[in-house]
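Structure first, then comments.
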């Protein structure tokens, strides 16, 4: 029996992070967590590229373009969608989630969903580095694990 697993050793990997400017109080913290996670696991600082987009709805397009470039072993999408008075947040979250998943499936490059969806700003702050950890850091470790797993699968 063969068991395939990724590792948390990021040396040699090239990672792109795509970050939403909307709710930047939160997304800046997610970005800090993602960069910290990548660096702590051996990804070289000069192998990390960052692209900014207006909002979470725009994440999939830029993730797709970066994945198609063949320059990256994984892409991390970071955003924060917070419930408002209307259902707008549901549409944004659904489009971002579906679009980011399609990037991975269409390009074969892991695109990690680091978009937090919360009911309020307090929950978002908790998920961006306080009580609930930092989802950006978690996305970084998932990116490394998926990139190294695919390298092993590809032989």
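Any Cβ shown, glycine's included, is placed from N, Cα and C.
These figures come from a predicted structure and were not determined experimentally.
Feature annotations, reproduced from Swiss-Prot:
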BINDING   22, 56, 57, 58, 80, 81, 82, 113  5-amino-6-(D-ribitylamino)uracil binding site
BINDING   85, 86, 127  (2S)-2-hydroxy-3-oxobutyl phosphate binding site
ACT_SITE  88  active site, proton donor
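According to DSSP, residue 88 (active site, proton donor) sits within a helical segment.
When secondary structure is read from DSSP and collapsed to three states, residue 22 (5-amino-6-(D-ribitylamino)uracil binding site) falls in the coil class. Long-range neighbours of residue 57 (5-amino-6-(D-ribitylamino)uracil binding site) (same chain, six or more residues apart, CB within less than 8 Å of its CB): 92, 95, 96. Local packing around the Cβ, expressed as the count of other Cβ atoms within 10 angstroms, is greatest for 113 among the binding-site residues 22, 113. When Cα-Cα distances from residue 22 (5-amino-6-(D-ribitylamino)uracil binding site) are compared across the recorded positions 85, 86, 88, 127, the shortest belongs to 88.
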